[in-house]
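Trainee: Before we start, here is the structure in question, set down as structure tokens.
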Amino acid sequence: MSLDKIMNEAISPWMKGDGPDSDIVLSSRIRLARNFKKYQFSTMQNEEEAKLIQELFKKEFINKTVEPFGEFELLKMNELTPLQRRVLVEKHLISPNLAGTEYGACLLSESEHISVMLNEEDHIRIQCLFSGLQLSEALQSANQIDNWIEKEVEYAFDESLGYITSCPTNVGTGLRASVMIHLPGLVLTKRISRIIQVIQKLGLVVRGIYGEGSEALGNIFQVSNQMTLGKSEEDIIADLKSVIQQIIQQEKMARELIVQNSSIELEDKVYRSYGILANSRLIQSAEAANCLSDLRLGIDLGYIKGISRNILTELMVLTQPGILQQYAGGPLGPEERDYRRATLIRERLRIEKN
């Protein structure tokens, strides 16, 4: 695995999967927060400690293979260009917070299922990504990597509290489980606000596609647990999965309602968006996201034939500003990005139809 390969292959292998409930659930993510016992939290640590953590991971973990994820490579943030950091964020491999750090790093698996962020809010954040609704499978893989790292690292752990983390809401299991879910039916029927209120009352958090502070582009929402103390990992996963399954049922009911009551209007909306995507010469990120959401809904409902449903996930990543500029070989102005975005979408749709 090389940096060039990571940068130039925008679609991570996990994105090409077709997991359970993938007509509505795009991906499942598990993140485990861990800290070294002997160092101050990242928010308080000095440059020397941050570098020592990097060096330990460089010595013990790079070029090592863990099946089925392949070999691991260490990417140091201060050795990457701002554009390269942005690409990693847009591929969901690192957080925007890590991208802005001087001594942050990322231990990345060849399959890109696993990303271990270093010197972010916590010393170590293990992230595991799977397609569809596969929270239990993602947790099992994250625990496998956690055990691998713990052989070389003494974690900050308290017998009564659990894992000690920088943010109090992560104390305990240190587990953050989240699901990326496509909810156009609930948005179109104007039920999404009520659903979000119910989700929040259950102690879960709803965010946009790139996490905290981001908007829900393309009717894609991220639902995650909030508290990690006082519950086992299995209970956290079970509770989140139960809520997600109820949201899936609500989304399916909303789609059925639209088809029953507004079928021709929905079909028109789908084909108008398809026409924009297939023919535009300039298209901005937000418009592309909304049109791709409509196209994906049309594919799921059988209006559009011969196009993979994975096209939403793929093109939502491929058409992000950083990845467009990476493919172009350097910075692009807004209009140049819109032109390249439109061209890429047209070409991708043409390949699908052929």
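Including glycine, each Cβ sits where the backbone N, Cα and C put it.
Not my notes, these are from Swiss-Prot:
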type	residues	note
BINDING	27-31, H92, R125, 176-180, 207-212	ATP binding site
DOMAIN	24-254	domain 'Phosphagen kinase C-terminal'
Trainee: May I ask which residues of the same chain, at least 6 positions away in sequence, place their Cβ under 8 angstroms from the Cβ of S178 (ATP binding site)?
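Mentor: The list for S178 (ATP binding site) reads S28, R29, R31, Q222, V223, S224, N225, given in order along the sequence.
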Trainee: On a simple 10 Å Cβ count over all chains shown, which one of the binding-site residues R125, R207 is most densely packed?
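Mentor: It comes out as R125.
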Trainee: Take the Cβ of S27 (ATP binding site) and count every other Cβ within 10 Å, whichever protein chain it belongs to.
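Mentor: Cβ-Cβ neighbours of S27 (ATP binding site) within 10 Å number 24.
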Trainee: What's the number of neighbouring CB atoms sitting within 10 A of the CB on I30 (ATP binding site)?
Mentor: 28
